[in-house]
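Notes follow once the structure below has been shown.
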Number of protein chains: 2
Amino acid sequence: MGNRFDLRCEGCGYSLPKEKLMGLASSSSCPSCDRALLNAQYDLRGDRFLDWKSQLLHRKGSLWRYWELLPITAWETVVTFGEGWTPLIPLPKFGRSIGLENLYFKDERQGPTATFKDRQATVAISYLKEQGINRIVLASTGNVAIAYSAYAARGGIQVYAFFPAGVASAKIKEASLYGAKVMAVEGTYDEAKAAAARFASDQGFFLDQGIKTFAGVESMKTMGFEIAEQLGWRSPDWYVQGVSGGMGPVGVAKGFKELKTLGLVDKIPALGLIQSAGCAPIANSFHRRETQVSTVASPDTSIATLATGNPGLAYNLLKQHLDRDGGDCAIVTDAEAWEMVQTLATTEGILVEPATAVTFAGVVKLAQQGMIQPQETVVINCSGREKDVHSLSF
Amino acid sequence: MGNRFDLRCEGCGYSLPKEKLMGLASSSSCPSCDRALLNAQYDLRGDRFLDWKSQLLHRKGSLWRYWELLPITAWETVVTFGEGWTPLIPLPKFGRSIGLENLYFKDERQGPTATFKDRQATVAISYLKEQGINRIVLASTGNVAIAYSAYAARGGIQVYAFFPAGVASAKIKEASLYGAKVMAVEGTYDEAKAAAARFASDQGFFLDQGIKTFAGVESMKTMGFEIAEQLGWRSPDWYVQGVSGGMGPVGVAKGFKELKTLGLVDKIPALGLIQSAGCAPIANSFHRRETQVSTVASPDTSIATLATGNPGLAYNLLKQHLDRDGGDCAIVTDAEAWEMVQTLATTEGILVEPATAVTFAGVVKLAQQGMIQPQETVVINCSGREKDVHSLSF
């Protein structure tokens, strides 16, 4: 049993042979035109999906329940902790306080390493294992390194993780507990990426960047699938996420698109994209109606996981989505985020990391601005648990 | 819509009117004979459950999917984060290394506060809210206080939590982040319980102890329900859990018993009960075939969550189970537990707190002793995530 899918460039139409995926230099951009990202395309026609909804009733509560639409060909090497199928939880009290009647959060804290990066890790590590890779180098602001290291331990793969300055020591420690070799780089996230690339090249080890986008998009699709299924095969009006590199919401939107193609939902939600004030290239460029993103050379935020200054092609994909299917961006200060961490803990009993609090604070702004209407159904990506409670001062 | 259930004494047959439950002095022991625990009994006859298995297919992935067998009468006050329905994960690599072919763990780390106490909290806090209680006093070695505090925040209830010496500061801090008033007692768990009882009495606030056992047993039943459903409506040969007060496995066993009565499984699993060497009253008393437990006055273990020196009537219930349905106890040293934390993280990518590592190390011993046979299906309760990674030295 193996899935058929094509890796196709949305710009020039080039189709990449799957065996060449491992050699991709960076972020899955098309090796033919370099102007667009490669996109996994599945056969959504025919009768394969006629009975899908009732088949799903009998499947496990994991993102692998949607295996027909995941980019894996060898099932015996899938590395899984039963991740995904996280609860979709109503927030009536908090919702009322900000004037929203149908607010939910998707609780990605409830996963094997307590962030939504578990989704990416199960797909990426399974794919690497399928390909026989046993050493992998990556740069990370924390959550990806932790998730990849846990899955790699289970899959028998050695991780080498490079961290920029500003990452909480608890995160570096957790990756190392799973057996990853960890390197703290005195520099920005971009500098950590460069150090990782040099090390991988020197040692001849696999650099994660090549399949990062591919695994990220395909795994985050399942967030869209789950939300639709949990709402009774219906799309919400809004899906809201905190944004760093930007490929997460691209993936979620792709999930809703595939469901719409299959006739399982009737629309694609508007996207709410929330960024940190110290690093908001996507939000600022979108508000200025720019066709290409203006990058941020020196991100200035205490929230390391949101510090991607150059989202690259993700901006174009997201702008396209917002222009066509609706949505908006909002910007949140670090102070607003830390205050929201406290509000969520004391009023709703939800302990989140500041990157998630950014998202919640952004929803408040979009509601205040009237972008989100009171009766609309809104789903917030609650992306991760705060792991170092000693870092919180309230 | 409300459930019918009776609270009945298994010793003398006394049936407690539900409205009196709130006034119970301690641990749900029978106010008539004081020799046994009150037991929630449901009507398991008739045609209510004929179609249950197929109804369950359409229900949410939460322990509330089994609402017919939970002790709640008012559904509008249920406080939930979608807890339960945690993954049942195979451990082929670790299993092979200890000679077991069908080893699984139930990953209770994947919950709203990352321990299995979320189950107890959702039932207890929902019950208290149903009763109109808005202040609650408890003593805890950490996990219960955290779980109750999170659910209480969501439910609008104020928690006062008393902690004994030796509880990790990260745990006390987390409870306080949810808005609980926290008190660190310089003494044992028993002394913290006494301090909590005095405070509750002085202030006229509700003391959790009265419904603790009841909520603990009824909520832990769902662990049994889930394991059976996840195995395809089959009981495992063994269910293994680390034991402190002992009511957890009593609850899980009750779950399997109710399923057997309903004809949904054909047997009740053997119980593996694992204790810490510095506080093993149940294991030691069982190995000496004692009819009453010999308590431990001064628990001597670094694992605070396993330091209940006097399990009381839970011993009798567990011994009864082991004598009738099979099972055994094992004892694990703190050093063995800390080593197992490292083994699980580096070889399987699972980060657990030491109380959980005790359970895994106990399974190794039961397998080595030949108590657990190689081909038997064994489910380990993976009870919680390690929350303070800085406390780990490897």
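Glycine is treated like the rest: Cβ placed from N, Cα and C.
Looking at the domain 'Tryptophan synthase beta chain-like PALP' (B:79-384) alone, the prediction's average pLDDT is 96. Positions annotated as domain 'Tryptophan synthase beta chain-like PALP' by TrEMBL: B:79-384.
Under the DSSP three-state reduction, B:K117 (N6-(pyridoxal phosphate)lysine) is assigned to helix. With a cut-off of 8 Å between CB atoms and residues at least 6 apart in sequence, the same chain places B:N143, B:V144, B:I146, B:A147, B:Y148, B:G384 near B:K117 (N6-(pyridoxal phosphate)lysine), listed in sequence order. Residues annotated as N6-(pyridoxal phosphate)lysine in TrEMBL: B:K117.
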